[in-house]
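Undergrad: TrEMBL feature annotations, pasted as is:
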COMPBIAS  1-17  compositional bias 'Low complexity'
COMPBIAS  29-41  compositional bias 'Low complexity'
COMPBIAS  42-53  compositional bias 'Basic and acidic residues'
REGION    1-68  region 'Disordered'
REPEAT    173-207  repeat 'PPR'
REPEAT    208-238  repeat 'PPR'
REPEAT    244-278  repeat 'PPR'
REPEAT    279-313  repeat 'PPR'
REPEAT    314-348  repeat 'PPR'
REPEAT    349-383  repeat 'PPR'
REPEAT    384-418  repeat 'PPR'
REPEAT    454-488  repeat 'PPR'
Amino acid sequence: MATGPVAAPSSMAVPSARVHRTLPPAVSAAREPPRAWAAAGAEERARRGKEAAEADGEEAERRRKEEVNRKIASRKALSIILRREATKAVLDKRKPGRGTRRLLPRTVLEALHDRVAALRWDSALKVLLQCSSLPLRLRRVSALVLGGDLNPAALVAAQVFELMRDQVWYRPHVGIYIKLITMLGRCRQPEKAHELFQAMVDEGCAPNLESYTALVSAYSRSGCFREAFDLLDRMKDSPGCRPDVQTYSILIKSCLHAYDFEKVNSLLADMARAGIRPNTVTYNTLIDAYGKAGRFAEMESTLLKMLSQNCKPDVWTMNSTLRAFGSSGQIETMESCYEKFQASGISPNIKTYNILLDSYGKAKMYEKMGAVMEYMQKYHYSWTIVTYNVVIDAFGRAGDLEQMEYIFRLMKSERIKPNCVTLCSLIRAYGRAEEVKKIKTVLRIVENSDITLDIVFFNCLVDANGRVGCLAEMWDVLDLMKEHRCKPDKVTCTTMIKWFLIKGIDDHRVQYLRDLKDGRITNDTSFANQPYGSCITHTLRPGSPESENGV
């Protein structure tokens, strides 16, 4: 039977509103009419628009402040530039006298730093000569240095120190004086070092042990032992400045360089009386000097005494010992010492292998030399310029010019600049092989580089030209020596005289060389620059046009 919908009881019809209010918020919002939705969206858009407007306002304010700050900074920078230019104009009008205290321009300082770092002293002096604030006295001395009369490194340091003392911020400091005194000592200028020491005292810097030791080193390096020992006695009477092991080690080293072993023994006895024990540096200095002098008994006794004093040897001890035995041809003793030093825990370095290579090369033990080279390559020891020079000289002595030239090319490809020792080895090898064209190639290398040449190179060049019979070129070496401010010594004169006499020449030029050797005359350009003349007539082939004309 169909029935109609059942009417709800009266008690159930009224609370429908309460049921609607108890629904969850999401359901309640879903049942809101569309008009409420539109009102809520408008409020949200208004709120977001207000936030965006505030953000735009803050960004605009920030940009405005940045622009204001930029303008202020620009005005300040312009003001600073104008003040600097005005100050510079005033200083340029003033004459640079004793009252002016001007700093060097930054460009000058940077140029000076680059040249000093590269040890280009002549170029550094030219930079200082262009500095208007440099005192005229020092600029005149700079010209003397560029002429070859003074040490350029010492003068560069002296000029920089003079400029530094002229600045308003300068305050005397004993450490700076010590470094300069040490530098002057290395440049063999003890008088300048003493003047600087006295200037340090006059400026109120109290001398200490280091400053006294630096001055002692300056005296002893130049062979001024009387002044050095007088200063040593003064140090003994000065509280707080009494000599220590470093002071004695420096004096001992200088005496050993002069082969004055009596003074060395006196200094060692003085150390014993004062209760100063030699250290590793002292013993290494003694071992190295005794080895170079061939006094192997004293060298071995010093090494034993070093061990008895619980003073541990180091790699310098090993290198000095190996060099002594290797250079004298005692290869087996050298190898035995090498094994003992290694067994005691001392690891060799690149200098050790260079000594082994040099010793084997001079002893013509090329197989062992090759074994050392293979070992160095296996364990990635980078070759130094000394290594290349040793190997080049060994191949040159063996007459293997192909391998020698290969090593020389390898040296240049590794961006290692050859030095005077390299060129000497090449010249000697080409002279023995009578390779005239290749000798001229080495001379072109000299012309196109800034390699500093010494008397050994010129003596090698003289001997090589004499061997190949180029007596005219051999005589021209004297002019080349003048260009490089190098004076011929007795070896130069003796070698030239020998080759002249071998070729049957004994004329006025040989007499000139004899007088030059004995010191009766100097290398006079008016004579040495004369045409080679009759000296070459003895070396010309009979029947040539030159010999017939008597050239």
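Cβ atoms here come from the backbone N, Cα and C positions, even for glycine.
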Undergrad: What are the helix, strand and coil residue counts for the repeat 'PPR' (314-348) according to DSSP?
TA: 26 helix, 0 strand, 9 coil
Undergrad: Using Cβ atoms and a strict cutoff of less than 8 Å, what residues sit near the repeat 'PPR' (384-418) while being 6 or more residues removed from its termini?
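TA: Cβ under 8 Å, 6 or more out: 350-351, 353-354, 357-358, 360-362, 364, 366, 369, 373, 376, 425-426, 428-430, 432-433, 435, 445, 449, 451.
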Undergrad: Quick check on the repeat 'PPR' (384-418): DSSP residue counts for helix, strand, coil, in that order please.
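TA: DSSP composition of the repeat 'PPR' (384-418): 27 helix, 0 strand, 8 coil.
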Undergrad: For the repeat 'PPR' (173-207), DSSP counts of helix, strand and coil?
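TA: For that range the per-state counts are 26 helix, 0 strand, 9 coil.
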Undergrad: Could you tell me how many residues in the repeat 'PPR' (244-278) are helical, how many are strand and how many are coil under DSSP?
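TA: Per-class counts: 27 helix, 0 strand, 8 coil.
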Undergrad: Please give the sequence-distant neighbours of the repeat 'PPR' (208-238): residues at least 6 beyond its ends with Cβ less than 8 Å from one of its Cβ atoms.
TA: 174, 177-178, 181-182, 184-186, 188-190, 193-194, 197, 200, 244, 246-247, 250-251, 253-255, 258, 260, 263
Undergrad: Residue list, the repeat 'PPR' (349-383) vs rest of chain: Cβ under 8 Å, 6 or more residues beyond ends.
TA: 315, 318-319, 322-323, 325-327, 329, 331, 334, 338, 390-391, 393-394, 397-398, 414, 416
Undergrad: Which residues, given as numbers and ranges, are at least 6 beyond the ends of the repeat 'PPR' (244-278) yet have a Cβ under 8 Å from it?
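TA: That would be 209, 212-213, 216-217, 220-221, 223, 225, 228-229, 232, 235, 285-286, 289, 293, 309, 311.
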Undergrad: In the compositional bias 'Basic and acidic residues' (42-53), how many residues does DSSP assign to helix, to strand and to coil?
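TA: So the counts come to 12 helix, 0 strand, 0 coil.
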Undergrad: Give the mean pLDDT for the repeat 'PPR' (454-488) on the 0 to 100 scale.
TA: 93
